[in-house]
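> To start, I am sharing the structure in question, which I have written as structure tokens.
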Amino acid sequence: MSKTHFGFESVEENEKAKKVAGVFHSVASNYDLMNDLMSAGMHRAWKAFTIAQANVRPGFKVLDIAAGTGDLTKSFAKAAGPTGEVWHTDINESMLRVGRDRLLDKGIVTPSLLCDAEKIPFPDNYFDVVTVAFGLRNMTHKDAALAEMRRVTKPGGRVMVLEFSKVWDPLKKAYDLYSFKVLPWLGDKFAKDAESYRYLAESIRMHPDQDTLKTMMEQAGLDAVKYYNLSGGVVALHLGTKY
């Protein structure tokens with residue numbers, strides 16, 4: 001069986017899926033709190049930029065992959081309105097349940113679906129916008145997931161990937177210190193789970209950089225791929241169009 005990485009660890013491909021699932025079962029209940037703490041609230045600005053770039057309009061069909069607690073789903077559902085169709089999906093049952101309950105608490109009624117991004121259960125050319133935020137780096141076969149995202153996107157539609165990326169060189173030393181010392185400490189102090197947040201830091205370092213991900217999206221068949229660096233490259237938003 002082929003090997004892949006789980007953070008800095010080399011594991012069998014089927015083992016990675018189980019390990020990633022374990023991480024997100026563990027962090028689901030504290031996910032929103034930890035996002036605010038770890039990013040000093042900046043994740044809200046990154047998501048707001050993504051929502052603005054998506055430009056979802058009434059009647060749009062939107063697929064939110066690895067949607068977790070539903071921040072993007074909520075905004076997309078409001079923008080698409082009653083004539084639209086917005087799917088809140090995740091491969092992790094715990095994250096999906098937390099997100100679904102959170103959406104319902106806010107009065108957002110939209111379908112939630114347990115979904116593997118490498119095998120998306122929708123027909124070709126179905127969605128106007130497909131998004132994945134902070135989920136691609138956890139996928140075993142990123143190329144397969146990107147190809148699936150393109151497949152279900154309508155001609156003229158867009159695939160959007162919001163993900164941690166490679167920081168600008170002047171920030172690297174401080175960012176490494178924060179990632180490998182502060183993040184696990186925050187995880188231990190506020191979620192009683194240092195290991196999951198150590199994996200977070202390692203998974204970010206193992207994720208392709210901005211230009212590599214751009215090439216991967218092009219190889220998946222997307223056109224006019226571009227990206228925006230946010231917060232000095234801590235995060236990047238990639239956009240590709242299906243022609």
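Using N, Cα and C of the backbone, Cβ positions are placed for all residues, glycine too.
Remember, it's a predicted structure, so these values are computed and weren't measured experimentally.
Quick paste from Swiss-Prot:
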type	residues	note
BINDING	Thr69, Asp90, Asp116, Ala117	S-adenosyl-L-methionine binding site
> Which one is it: of the binding-site residues Thr69, Asp90, Asp116, Ala117, which Cβ has the fewest other Cβ atoms within 10 Å in this structure?
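Among the binding-site residues Thr69, Asp90, Asp116, Ala117, the sparsest Cβ neighbourhood within 10 Å belongs to Asp116.
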> Where the record says Thr69, Asp90, Asp116, Ala117 bind S-adenosyl-L-methionine, what is the longest distance in Å from one Cα to another among those residues?
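The two farthest binding residues have Cα atoms 17 Å apart.
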